[in-house]
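S.K.: Before we start, here is the structure in question, set down as structure tokens.
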């Protein structure tokens, strides 16, 4: 006799437990979606993403670091003014480090122009600067006499070569994939918000909710006392 009610109760409880999961699957919260879309739009208004800004900072660090090493090299050789005149005005490809400094300036200008000002989303600019840097440094190391000039004959070309390839790696494996992923998330959130607007066309606004006016304190008690006095029998 109790078998049928028990089966019915189990079926009812299982249906109740399944309802939240169905609601979780099919429910879309327009408020959260709009907040996410606004956050992505705020990033676009900033003009440049955080990871791209980090890349530009590293490119600036490349220029400043090579400049610092070059100034140290000028001091080591006997004074900035004398060595600067020798390396710039009387430039010699086999013994001067001025061209390595110009190579860092070349990388800085091209990369900042391409990825900060023009906001390029392709790898051809970084590939061009890295190829030029690698070819020039290899030719300079093979042809010139830098190794006979002390430690800076090794340090400047190696540091410049390493920094150029770190910039290439950072852009190709961090900047471009992360920006593409953020753009895909923005498109998915925008698509979901449009679907939510179609599924929930009648979302109530704040103006549609109202509360009844508050009653004056003590008015209900006085009304009840007057009503009781009127209902008392007259003796």
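In case you wondered, yes, glycine gets a Cβ from its N, Cα and C as well.
Since we're looking at a predicted model, the values are computed, not measured.
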S.K.: Transmembrane segment per TrEMBL sits at which of 55-76, 187-208, 209-230?
M.R.: 55-76
S.K.: Under TrEMBL, which of the candidate ranges 25-45, 151-171 is annotated transmembrane segment?
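M.R.: Feature transmembrane segment in TrEMBL: residues 151-171.
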S.K.: In the same chain, which residue numbers or ranges, 6 or more beyond the ends of the transmembrane segment (151-171), come under 8 angstroms Cβ to Cβ?
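M.R.: Tertiary neighbours of the transmembrane segment (151-171) are 54-55, 58-59, 62, 65-66, 69-70, 72-73, 76, 97, 100, 103-104, 107, 111, 115, 123, 126-127, 129-130, 133-134, 137, 140-141.
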S.K.: Would you report the average pLDDT that the model assigns to the domain 'MENTAL' (48-219)?
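M.R.: When the pLDDT values over the domain 'MENTAL' (48-219) are averaged, the result is 85.
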